[in-house]
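Features as listed in Swiss-Prot:
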- 1-20: signal peptide (SIGNAL)
- 22-70: disulfide bond (DISULFID)
- 26: N-linked glycosylation site (CARBOHYD)
- 36-85: disulfide bond (DISULFID)
- 39-123: disulfide bond (DISULFID)
- 43: N-linked glycosylation site (CARBOHYD)
- 47-101: disulfide bond (DISULFID)
- 51-103: disulfide bond (DISULFID)
- 106-113: disulfide bond (DISULFID)
(Lines of atoms letter the chains of each structure in order from A and count residues from 1; the text may use other names and numbers.)
(Lines give C-alpha, C1' and ligand atoms only; values in the text may rest on other atoms or scores of the structure.)
Protein backbone atom coordinates (compact mmCIF):
# COMPACT_ATOMS: atom_id res chain seq x y z
CA UNK A 1 0.00 0.00 0.00
CA UNK A 2 2.84 2.38 0.86
CA UNK A 3 4.45 1.74 -2.55
CA UNK A 4 1.19 2.69 -4.27
CA UNK A 5 0.99 5.97 -2.34
CA UNK A 6 4.60 6.78 -3.20
CA UNK A 7 3.93 5.99 -6.85
CA UNK A 8 0.86 8.26 -6.86
CA UNK A 9 2.83 11.11 -5.28
CA UNK A 10 5.63 10.65 -7.79
CA UNK A 11 3.11 10.64 -10.66
CA UNK A 12 1.42 13.86 -9.47
CA UNK A 13 4.79 15.60 -9.06
CA UNK A 14 5.83 14.51 -12.55
CA UNK A 15 2.48 15.67 -13.95
CA UNK A 16 2.79 19.07 -12.27
CA UNK A 17 6.22 19.60 -13.80
CA UNK A 18 5.48 18.24 -17.28
CA UNK A 19 1.99 19.63 -17.79
CA UNK A 20 2.78 23.22 -16.87
CA UNK A 21 6.08 23.58 -18.65
CA UNK A 22 7.16 26.36 -20.97
CA UNK A 23 5.16 26.08 -24.20
CA UNK A 24 3.55 28.00 -27.04
CA UNK A 25 0.24 29.64 -26.23
CA UNK A 26 -2.24 31.79 -28.14
CA UNK A 27 -2.45 35.43 -27.03
CA UNK A 28 -4.10 38.62 -28.25
CA UNK A 29 -1.98 41.75 -28.45
CA UNK A 30 -2.94 45.35 -29.18
CA UNK A 31 -0.87 47.08 -31.83
CA UNK A 32 -0.72 50.78 -32.66
CA UNK A 33 1.24 53.45 -34.50
CA UNK A 34 1.20 57.13 -33.69
CA UNK A 35 0.35 58.10 -37.30
CA UNK A 36 -2.73 55.86 -37.27
CA UNK A 37 -4.29 56.93 -33.94
CA UNK A 38 -6.04 53.57 -33.49
CA UNK A 39 -5.29 50.22 -31.88
CA UNK A 40 -6.25 46.88 -33.32
CA UNK A 41 -6.14 43.47 -31.67
CA UNK A 42 -4.08 40.71 -33.27
CA UNK A 43 -3.97 37.01 -32.40
CA UNK A 44 -0.48 35.55 -32.23
CA UNK A 45 1.52 32.91 -30.36
CA UNK A 46 3.94 33.49 -27.51
CA UNK A 47 5.62 31.50 -24.77
CA UNK A 48 4.03 30.89 -21.39
CA UNK A 49 4.42 28.45 -18.55
CA UNK A 50 6.69 27.59 -15.68
CA UNK A 51 10.42 27.04 -15.50
CA UNK A 52 12.33 25.53 -12.62
CA UNK A 53 13.96 28.35 -10.70
CA UNK A 54 15.34 29.02 -7.26
CA UNK A 55 16.55 31.95 -5.21
CA UNK A 56 19.59 31.06 -3.18
CA UNK A 57 19.80 32.23 0.42
CA UNK A 58 23.57 32.55 0.19
CA UNK A 59 24.60 34.67 -2.79
CA UNK A 60 27.95 33.50 -4.13
CA UNK A 61 29.62 36.34 -6.09
CA UNK A 62 31.71 33.79 -7.99
CA UNK A 63 28.60 32.00 -9.27
CA UNK A 64 25.92 34.20 -10.85
CA UNK A 65 22.34 33.40 -9.91
CA UNK A 66 20.44 33.60 -13.19
CA UNK A 67 16.69 33.10 -13.00
CA UNK A 68 15.27 31.23 -15.98
CA UNK A 69 12.02 32.36 -17.57
CA UNK A 70 9.76 30.93 -20.24
CA UNK A 71 10.87 32.74 -23.39
CA UNK A 72 11.13 32.23 -27.12
CA UNK A 73 13.83 30.09 -28.67
CA UNK A 74 12.75 30.72 -32.25
CA UNK A 75 10.48 33.37 -33.72
CA UNK A 76 9.31 34.75 -37.03
CA UNK A 77 7.86 38.14 -37.88
CA UNK A 78 4.49 38.84 -39.46
CA UNK A 79 3.20 42.14 -40.84
CA UNK A 80 -0.29 43.66 -40.88
CA UNK A 81 -1.66 46.88 -42.36
CA UNK A 82 -3.21 49.18 -39.75
CA UNK A 83 -6.43 50.96 -40.71
CA UNK A 84 -7.04 54.69 -40.21
CA UNK A 85 -3.50 55.88 -40.92
CA UNK A 86 -2.75 59.34 -42.29
CA UNK A 87 -2.08 59.57 -46.02
CA UNK A 88 1.53 58.95 -47.03
CA UNK A 89 2.31 57.34 -43.67
CA UNK A 90 3.62 53.83 -43.17
CA UNK A 91 0.60 51.76 -42.13
CA UNK A 92 2.50 48.46 -41.86
CA UNK A 93 3.16 46.99 -38.41
CA UNK A 94 5.53 44.06 -37.90
CA UNK A 95 5.23 41.91 -34.78
CA UNK A 96 6.97 38.77 -33.47
CA UNK A 97 5.39 35.30 -33.48
CA UNK A 98 7.03 32.66 -31.32
CA UNK A 99 7.50 29.28 -32.99
CA UNK A 100 9.53 27.50 -30.28
CA UNK A 101 9.91 28.06 -26.53
CA UNK A 102 12.41 27.16 -23.82
CA UNK A 103 13.43 28.06 -20.29
CA UNK A 104 16.29 30.53 -20.49
CA UNK A 105 17.62 33.90 -19.42
CA UNK A 106 15.40 36.88 -20.27
CA UNK A 107 17.03 38.96 -23.03
CA UNK A 108 16.21 42.58 -22.20
CA UNK A 109 17.37 43.66 -25.68
CA UNK A 110 14.31 42.03 -27.25
CA UNK A 111 11.91 41.34 -24.36
CA UNK A 112 10.18 43.28 -21.59
CA UNK A 113 11.76 41.52 -18.59
CA UNK A 114 10.11 43.72 -15.96
CA UNK A 115 7.71 42.41 -13.37
CA UNK A 116 5.10 45.05 -14.13
CA UNK A 117 5.28 45.71 -17.86
CA UNK A 118 2.47 47.39 -19.78
CA UNK A 119 1.12 44.04 -20.91
CA UNK A 120 0.05 42.83 -24.36
CA UNK A 121 -3.33 44.59 -24.33
CA UNK A 122 -2.04 48.11 -23.49
CA UNK A 123 -3.19 50.74 -25.97
CA UNK A 124 -2.55 54.53 -26.03
CA UNK A 125 -5.39 55.23 -28.46
CA UNK A 126 -8.98 54.07 -28.76
CA UNK A 127 -9.42 50.55 -30.07
CA UNK A 128 -10.85 50.15 -33.56
CA UNK A 129 -13.75 47.68 -33.53
CA UNK A 130 -14.20 45.39 -36.51
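The backbone N, Cα and C atoms fix where each Cβ goes, and this holds for glycine too.
Here the features listed in Swiss-Prot are painted onto the structure.
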| residue | record | Cβ within 10 Å |
| --- | --- | --- |
| 26 | N-linked glycosylation site | 9 |
| 36 | disulfide bond | 21 |
| 39 | disulfide bond | 21 |
| 43 | N-linked glycosylation site | 9 |
| 85 | disulfide bond | 18 |
| 101 | disulfide bond | 23 |
| 103 | disulfide bond | 18 |
| 106 | disulfide bond | 16 |
| 113 | disulfide bond | 14 |
| 123 | disulfide bond | 16 |
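Put simply, of the disulfide-bonded residues 22, 47, 51, the one whose Cα is nearest the Cα of residue 36 (disulfide bond) is 47. Sequence-distant neighbours of residue 51 (disulfide bond) (same chain, 6+ apart, CB under 8 A from its CB) are 21, 22, 68, 69, 70, 103.
The two recorded residues, residue 47 (disulfide bond) and residue 26 (N-linked glycosylation site), have Cα atoms 9 Å apart. The disulfide-bonded residues 22, 47, 70 differ in how many other CB atoms lie within 10 Å of their CB, and the one with the most is 47.
Closest in space to residue 43 (N-linked glycosylation site), of the disulfide-bonded residues given as 85, 101, 106, 123, is 123, taking the CA atom of each residue. Cα-Cα distances to residue 26 (N-linked glycosylation site) place none of the disulfide-bonded residues 39, 85, 106 within 10 Å.
Of the recorded residues, residue 85 (disulfide bond) and residue 39 (disulfide bond) place their C-alpha atoms 11 Å from one another.
Counting only the Cα atoms, the space from residue 106 (disulfide bond) to residue 39 (disulfide bond) is about 27 angstrom.
For residue 113 (disulfide bond), the nearest neighbour among the disulfide-bonded residues 39, 101, 123, judged by Cα separation, is 101. Of the recorded residues, residue 123 (disulfide bond) and residue 101 (disulfide bond) place their C-alpha atoms 26 Å from one another. Residue 101 (disulfide bond) sits 27 Å from residue 39 (disulfide bond), taking the C-alpha atoms as the reference points.
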